[in-house]
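Provided herewith is a single structure, encoded as structure tokens, for subsequent inquiry.
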């Protein structure tokens, strides 16, 4: 029986928390089995992207920003955007990759979505922790705005969870998402201030630009971590609205799609 309320949905995830942790451990071990560097790969992949973007922005295009400031901007953007990238890699296929498990035991598919998201958090945590190492070493700006970071991070993770729930549910019926989502993620990244500052976007279009919740989330991240001058009120309201409205509709979408999942798996 599909949980009929949001509380019921998350109560089921909590009840199956041991299974969620087991799935994450087994998937993580399988992904690094017989690799020489093991978990280091989860930091090396985003670091390689940072190196490429840094070379393009600072060396090729000569942005004019100090090398340390440019590096911190790109590092902050890439490491936090990896959460959404990992949602595409681990959360989106989480239901259909475990189709055999769903067919063998009575299990709510959302539990598999939660396992994919927990794995996303573990993998992305490497990169975010590494960013703060660079932040300290390179002398990132320290101000009261840093106190807002836990709230901004929580909103970003909540937004990624909502996106993941939509993707995982839709991917059961539309396998083309596996090919389409990497393209969409690239488009969203370049339409959001991930590797450039929010102030670089034309001022006449900034309010419209902020309707993209990913752009608003990264405007907030730049504001609290790097001291950029964007007023946080509008992007904060937009991200909260997307999380609440998207979460409600995401739950409704899952509830409607749930009865037919085992038939198409």
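Heads up, the Cβ atoms here are built off N, Cα and C, so glycines get one too.
Unlike curated entries, TrEMBL annotations are predicted automatically.
These numbers come from a predicted model, not from an experiment.
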Out of 8-27, 68-87, which range is noted as transmembrane segment by TrEMBL?
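Checking TrEMBL against the ranges 8-27, 68-87, the transmembrane segment one is 68-87.
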Would you call the transmembrane segment (236-254) and the transmembrane segment (68-87) in contact, using three or more Cβ pairs under 8 Å, pairs 6 or more apart in sequence?
no
Does the structure show the transmembrane segment (124-144) and the transmembrane segment (180-198) touching, where I'm treating 3 or more Cβ pairs under 8 angstroms (sequence separation 6 or more) as a contact?
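With fewer than 3 qualifying Cβ pairs, these stretches do not touch.
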